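Notes for the one structure printed next.
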Amino acid sequence: MVAASFVLVVEVLENLAYLANSSNLVLYLSKHMHLSPSKSANDVTNFMGTAFLLALLGGFLSDTFFTTYHIYLISALIQFLVHEPRGRPLIEPKRNLKVYLTENHAHPAPFNITKPCRQQPVHQPPPFHAMKLEVGKAVMLFTGLYLVALGVGGIKGSLPTHGAEQFDANNPQGRKQRSTFFNYFVFCLSFGALIAVTFVVWVEDNMGWEWGFSISTIAVFLSVAIFLAGSAVYRNKIPFGSPLTTIGKVLVAAMLNSCMSKNPKNAIANLTTSPSYRTETCKERDHQIPTESLKVLNRAAVNKPAYPALECSVQQVEEVKIVLKIFPIFACTIFLNCCLAQLSTFSVEQAATMNTKLGSLKIPPASLPVFPVVFIMILAPLYDHFIIPFARRVTKTEMGITHLQRIGIGLFLSMVAMAVAALVEIKRKPVATYSGLLDSTNPLPITFLWIALQYLFLGSADLFTLAGLLEFFFTEAPSSMRSLATSLSWTSLAMGYYLSSVIVSIVNNVSENSGHKPWLSGHTINGYHLERFYWLMCVLSALNFMHYLLWAMRYKYRSAGSSK
């Protein structure tokens, strides 16, 4: 736990640096880059989706060529160089690419978002539809964003696995400590988010975006220093080689041997492992006889394969079976993350139209994620120190609540959250109508605290699902594929964000083609039919939850302690 504690502190700083800018990005694009609300929402979900999708690359490299230790350092260096205010960017020497974007050059003429030079007059903005971002400046903007995504992806793909590898999975105490680590990993991720969506967002709104980027730079620098401080106590897993090669080899061998073998029973004849195959460091039990599940793959382990280069051991076949079995669970969590994408997009824009004052204090709309973040930080210790011990006493099992049960709770809560979001929008929209503020930018006479309800349910869903997924993929995956498998948790987030963009586009096209006004189109969000969109998401979440139950009830755990 001492070694893992360095990882937990690093996660606070890493997530602070990432969310410091992405949480406020939708307002930056809509207000300063003059993109429409739906275009801004799609750009943000695409950016965040790419960052999480690149976690697969980090996980793959950690399992294949480097250790999780080295991948983290390389990724953090990339993120630091993009943020570093005095680095040499792609555009202009001695000026950071993203800081450059906060100055006059990256903004549609004739404005900027910083204080204008004394010699330059401040122009009034032209009508919204007349403002367009030039192609060259758009390329400059998104190049900076996606370089950040590359660094974030590498960190997400290596850091949680690095922390989990510090524990001994061969005894109950080590497994319990590993479970605690994943709970507190989500806690620390939320703590970094709390600082990002409160202090840093306030700085960006009141002092300028260049100050926000500077804070991110300092956070990344400190995270690297703290990570290096724990080098002496880390346990680093040696890479096993490409897991994708093993998966591809088994699939191709099974297909070719099935076509060429006249005796299907020969598929289980090979009861020895290949001498060239390295056994796992955790000394997992070798499978001498293939299991009955996914029997078609057993044909990859014949005595005389169609091609000698495609010789596979029984253990390799069983490992590929494990990977294929966890994919349906992974697929069922994608839609939950599609719901979570609304936290960074439409929910923020909804709050921006409402009264965001608490007494004399004005809350920036981008700080609204503070509600689920605080709730996660309260619930995570309660879950680990009270709920789980109670569940262990009741169920007489090591886990208390299994990984799949935890994920299922999260999926159910996401369905409830979408229903709550629809009801809140039904309450907000008439206020804009009756107040005559449908096309106005003035705040509506309704408190933004109503939006907090959907944030609380989505935050709870995130805690249960993310921690459950991380631990599920780590414990169930073969040792040689753990970094890649754990990265699937972030890939689920990525695909959820992408799916959100796709659904928004489909909803607009279908509603427009049916002869009605597009649900999610207009100059302001008050003209949207968000309540219909949220009800649609609720129905789809319910169908996804039932689909998940089908796979979860059929799944059989393989790791010690996972189902006990």
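Note that Cβ sites are derived from N, Cα and C of the backbone, with glycine treated the same way.
Worth saying up front: this structure is predicted, and the values here are computed from it rather than measured.
As given in TrEMBL:
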- 46-66: transmembrane segment (TRANSMEM)
- 181-203: transmembrane segment (TRANSMEM)
- 215-234: transmembrane segment (TRANSMEM)
- 326-346: transmembrane segment (TRANSMEM)
- 366-386: transmembrane segment (TRANSMEM)
- 407-426: transmembrane segment (TRANSMEM)
- 446-472: transmembrane segment (TRANSMEM)
- 484-507: transmembrane segment (TRANSMEM)
- 533-551: transmembrane segment (TRANSMEM)
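Each of 46-66, 181-203, 215-234, 407-426 was scored by its Cβ pairs under 8 Å to the transmembrane segment (326-346), and the highest score goes to 407-426. The transmembrane segment (366-386) and the transmembrane segment (446-472) are in contact, since at least 3 Cβ pairs between them lie under 8 Å (pairs 6 or more apart in sequence).
The stretch with the most CB contacts under 8 Å to the transmembrane segment (484-507), chosen from 46-66, 181-203, 215-234, 446-472, is 46-66. For the transmembrane segment (446-472), the neighbouring stretch richest in Cβ pairs under 8 Å, chosen from 46-66, 181-203, 215-234, is 181-203. When Cβ-Cβ distances below 8 Å are used as the criterion, the transmembrane segment (181-203) is approached by residues 1, 4, 7-9, 11-20, 23-24, 160, 163-164, 166-167, 211-212, 215-216, 364, 366-370, 373-374, 376-377, 380-381, 383-384, 462-463, 466-467, 470-471, 474 of the same chain, each at least six residues removed from its ends.
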